[in-house]
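> These came from Swiss-Prot, pasted as-is:
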ACT_SITE  His33  active site, proton donor
BINDING   26-33, 144-147, Val173, 181-184  ATP binding site
BINDING   Gln57, Gln150  (R)-pantoate binding site
BINDING   Gln57  beta-alanine binding site
Amino acid sequence: MKVISSIQELRDQLRGQNRTAFVPTMGNLHEGHLSLMRLARQHGDPVVASIFVNRLQFGPNEDFDKYPRTLQEDIEKLQKENVYVLFAPTERDMYPEPQEYRVQPPHDLGDILEGEFRPGFFTGVCTVVTKLMACVQPRVAVFGKKDYQQLMIVRRMCQQLALPVEIVAAETVRDADGLALSSRNRYLSEAERAEAPELAKTLARVRDAVLDGERDLAAIERRAVAHLSARGWQPDYVSIRRRENLVAPSAAQIEAGDPLVVLTAAKLGATRLIDNLEI
């Protein structure tokens, strides 16, 4: 595996490749990330991964400085997955001058849910993903359903900007107790880690309520928020949306069997966790 930080060197290395499968990450790789590499291999060859902690998608009071950076361990994991190139640029490589041009998602997708609680987050994501796509020029890129809203936004962005990249969605990987794998799980104390699976269990109860025929979605959401709050969580939202566009469904759409998803974000202690479950 070649480890490259220069954009020009990356382009030189990938020249002539027309079936590249790309997996962008921020590093601190776990089994969830590695499953993305394996899925990428099913859709293209060679597989290119990137590791870049993107300052643009962190707010002023978020964890950019303490976000775990484990490059050497990540390199060893990617080598075992037979990744062809790891693109690991420095901030100077990616942003040699101030990034004045930004890619901003539409308000209906970018300013709801995560976008409401993390202003500017998806503009940072779309900007860096677009720039990475321009550097790698993949045929396929793999994104996890764990970041469901991000997946929807990137997919729509590629469609509307006519980027010649197929976006492949990967299922969320979970620990045996149901907790979705996340680099931020390492922030949890022992007691918090024991409590953390309750987030996925809460989503399962929401799903079951909808599948059992309950139609007052707002009441289901309020019940879930109250349940988490009573257990010491600080929920930002529990929200049932249409999978297609993350719009809140109407009663008629629910009855018609529109595919739904329930999404949540909540703090446990100082750690903010997100999760979702398709219904």
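Using the three backbone atoms N, Cα and C, a Cβ is placed for every residue, glycine included.
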> Specify the nearest of the recorded positions His33, Gln57, Gln150 to Ser183 (ATP binding site), where nearness means the distance between Cα atoms.
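Going through His33, Gln57, Gln150 one by one, the Cα closest to that of Ser183 (ATP binding site) is His33.
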> If you draw a 10 Å sphere on the Cβ of Gly32 (ATP binding site), how many other Cβ atoms land inside?
19
> At a 10 Å cut-off from the C-beta of Lys145 (ATP binding site), count the other C-beta atoms across all protein chains.
18
> What whole-number Å value do you get for the CA-CA distance of Val173 (ATP binding site) and the residue listed as 'active site, proton donor'?
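Taking the Cα atoms only, Val173 (ATP binding site) lies 9 Å from the residue listed as 'active site, proton donor'.
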> Test of understanding: give the count of other CB atoms lying within 10 angstroms of the CB of His33 (active site, proton donor).
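Result for His33 (active site, proton donor): 25 neighbouring Cβ atoms inside 10 Å.
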> His33 (active site, proton donor) to Met26 (ATP binding site): how many Å between their Cα atoms?
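Here the two Cα atoms are 10 Å apart.
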> Would you mind reading off the Cα separation of Gln150 ((R)-pantoate binding site) from Leu29 (ATP binding site), to the nearest angstrom?
18
> Would you pick out, from the binding-site residues Met26, Leu29, Val173, the residue whose Cβ has the largest number of other Cβ atoms within 10 Å?
Leu29
> Between Leu29 (ATP binding site) and Gln57 ((R)-pantoate binding site), find the distance joining the two CA atoms and give it rounded to the nearest Å.
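Distance (Cα to Cα, whole Å): 18 Å.
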> List every residue in the same chain as Gln57 ((R)-pantoate binding site), at least 6 positions away in sequence, whose Cβ is under 8 Å from its Cβ.
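Expected: Gly120, Phe121, Phe122, Gly124, Val125, Val128.
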